[in-house]
């Protein structure tokens, strides 16, 4: 039971095991493996942006007109090595505590649902912004490329905040040192989320994915926390309901027949395939 009371504070080497962070480590290694595959085997074009589009980046003109598969794939892609390094570091640091707090099944559910949901939220947000601006009537096709695990990471960060709030307020640790450490970790996570969102205000950052991932992660974790830990069937039902709601949202918003969107979709694919044909000559 001590493990459940103190997931964010490893007291001694004896309490640490590789198995306790196996899922977090697997997710980090998966992101690294996909990136190396991406740059070694899946980059036939000179343009980095075109390669990302070809491989499955989240482009709202494509994702909202049938390419729903871009949501899960884009969360495993990264634009460059620095982007990958920062995300993997954040995933490892935050994921360790989250995995020990919620367990592997819940962590995986929060990570996947938050990541895919963040990509959907980002795609629709971009469409909403542009369709309600003067850019919508412009003849230029504006492409925003969304890649990275940051939406999923924001989801597990928000879930960690929810867990620590419950621990600090409702079940404070009897040891003052551990109690202070948990408070510091809570404050640090809140500060990290706030700084990420503030940094996302600058151009070139997909802040909609950050916001969407954080909201989804928080909602799922609240549902998990409200259900007693031992009720596995109830926790499974929460996961199924969350996944079903996400699937329904994808179905409702990812098959648009908007003429303007479809024209831009055709233009983007034509440009990429032309570049691909030229590269193969």
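Backbone N, Cα and C atoms are what each Cβ position is placed from, and that goes for glycine too.
Annotation comment: Swiss-Prot describes 16-36 (among others) as transmembrane segment, evidence class sequence analysis. If one looks beyond the transmembrane segment (16-36) by at least 6 residues along the same chain, the residues whose Cβ comes under 8 Å of a Cβ in the stretch are 10, 76-78, 81, 84, 87-88, 91-92, 95-96, 98-100, 104, 107-108, 111, 149.
The annotation transmembrane segment is assigned in Swiss-Prot to 76-96 (among others).
Per Swiss-Prot, transmembrane segment is recorded for 105-125 (among others), and the stated evidence type is sequence analysis. Sequence-distant contacts of the transmembrane segment (105-125), counting only residues of its own chain at least 6 positions beyond either end whose CB sits under 8 Å from a CB of the stretch, comprise 23-24, 27, 58-60, 63-64, 70-72, 74-75, 95, 98-99, 146, 149-152, 154-156, 158-159, 206, 208-214, 216-217, 220-221, 224, 235, 239, 242-243, 246, 249-250, 253-254.
Annotated transmembrane segment per Swiss-Prot: 145-165 (among others), in sequence order, evidence recorded as sequence analysis. For the transmembrane segment (145-165), the list of distant contacts is 7-8, 27, 31, 49, 52-53, 57-59, 74-79, 83, 87, 90-91, 94-95, 97-98, 101-102, 107, 110-115, 117-119, 121-123, 182, 185-186, 189-190, 192-193, 196, 206, 209-218, 220-222, 225: same-chain residues at least six beyond its ends, Cβ to Cβ under 8 Å.
In sequence order, 87, 90, 118, 196, 206, 209, 210, 213 are the residues of the chain that are 6 or more apart from residue 150 (active site, nucleophile) and have a CB within less than 8 Å of its CB. Residues or ranges marked as active site, nucleophile in Swiss-Prot (evidence: a curator's inference): 150.
According to Swiss-Prot, the transmembrane segment annotation covers 185-205 (among others). Panel annotation: around the transmembrane segment (185-205), residues 8-9, 90, 94, 97, 150, 154, 157-158, 160-161, 164-165, 168, 211, 214 of the same chain, lying at least six beyond its termini, place a Cβ under 8 Å from a Cβ of the stretch.
According to Swiss-Prot, the transmembrane segment annotation covers 208-228 (among others), on the basis of sequence analysis. Among residues of the same chain six or more beyond the transmembrane segment (208-228), those with a C-beta under 8 A of the stretch's C-beta atoms are 102, 106, 109-110, 113-115, 117-122, 125-126, 146, 148, 150-159, 161-163, 166, 193, 196-197, 200, 234-235, 238, 242.
The Cβ of residue 210 (active site, charge relay system) has 25 other Cβ atoms within 10 Å, all protein chains considered. Following the DSSP three-state reduction, the secondary structure of residue 210 (active site, charge relay system) is helix. Sequence annotations record features per position, and here Swiss-Prot assigns active site, charge relay system to 210.
Tertiary neighbourhood of the transmembrane segment (233-253): same-chain residues 64, 68, 71, 105-106, 109, 113, 116-117, 120, 124, 220, 223-224, 227, selected by CB-CB distance under 8 Å and a gap of 6+ residues from either end. Annotation source Swiss-Prot lists transmembrane segment at 233-253 (among others).
Long-range Cβ contacts of the transmembrane segment (76-96) within its own chain (Cβ-Cβ under 8 Å, at least 6 residues beyond either end) map to 20-21, 23-25, 27-28, 30-32, 34-35, 38, 48, 52, 55-57, 107, 111, 145, 147-150, 152-153, 156-157, 160, 189, 192.
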